[in-house]
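Pulled from TrEMBL, these are the features on record:
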- 58-82: domain '4Fe-4S ferredoxin-type' (DOMAIN)
- 87-116: domain '4Fe-4S ferredoxin-type' (DOMAIN)
């Protein structure tokens with residue numbers, strides 16, 4: 001089972017939900033940090049790094065002697081990774097998506113390809129959790145490439161929890177696509193409600209079943225609950241606004257370990273996810 005933890009905006013507690021949900025498993029589980037522009041799941045992880053892999057794409061290299069400045073490659077590239085200056089097109093590898101189309105359309109065979117590093121994927125292991133974390137290199141815009149590299153290392157025989165990037169742009173879509181279920185984390189504020197609507201639209205467009213976790217309950221009003229009721233969206237869990245949670249988070253601690261009473265919350269979340277996936281629309285609440 002693949003469960004993506006997503007949000008319409010940053011700062012809602014998405015990573016907190018992901019790492020704590022993984023920690024309540026009594027059996028092996030995978031945690032994939034797909035927030036590759038700012039990965040931080042490893043900050044809450046005491047395991048050992050067992051591998052570090054460089055991720056590269058193929059970018060064009062132009063032979064100036066063979067190039068006749070026809071600009072076929074420039075016109076083909078939809079990502080503006082090639083620009084026409086004087087005779088030989090200029091290559092911007094940070095913008096290249098590695099499709100290889102420019103080399104295919106070049107009538108002179110003047111384009112070959114070379115590797116260009118875009119980031120890395122690191123794997124950590126403790127007694128139960130395998131953490132796979134992607135990190136995009138500074139100045140590179142290919143976050144989705146790293147997301148795919150992280151997901152390609154997923155084992156199908158173990159449950160997986162994916163910590164998605166915030167928002168609804170390409171990296172978030174790449175994370176959600178193919179998931180069995182999505183947990184949309186929000187907060188009871190006007191911004192939280194607005195961006196939850198964007199995340200809901202994205203999950204529906206991708207046809208991924210989903211439910212909502214409302215974090216920091218008590219800081220706002222009931223508009224998020226009312227929205228979910230109107231839209232028929234299950235509220236899987238409500239986490240209260242508790243200063244002790246923020247203090248534990250700031251120390252890099254796992255909530256279910258620093259505050260054991262919250263373990264029941266995340267065990268309940270997993271039960272509600274599996275029940276909803278199994279067709280049970282009755283959502284269990286904290287007693």
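Heads up, the Cβ atoms here are built off N, Cα and C, so glycines get one too.
Annotations in TrEMBL come from automatic prediction, not curation.
Look at the domain '4Fe-4S ferredoxin-type' (87-116): DSSP puts its residues at 8 helix, 8 strand, 14 coil.
With DSSP classes pooled into helix, strand and coil, the tally for the domain '4Fe-4S ferredoxin-type' (58-82) is 5 helix, 6 strand, 14 coil.
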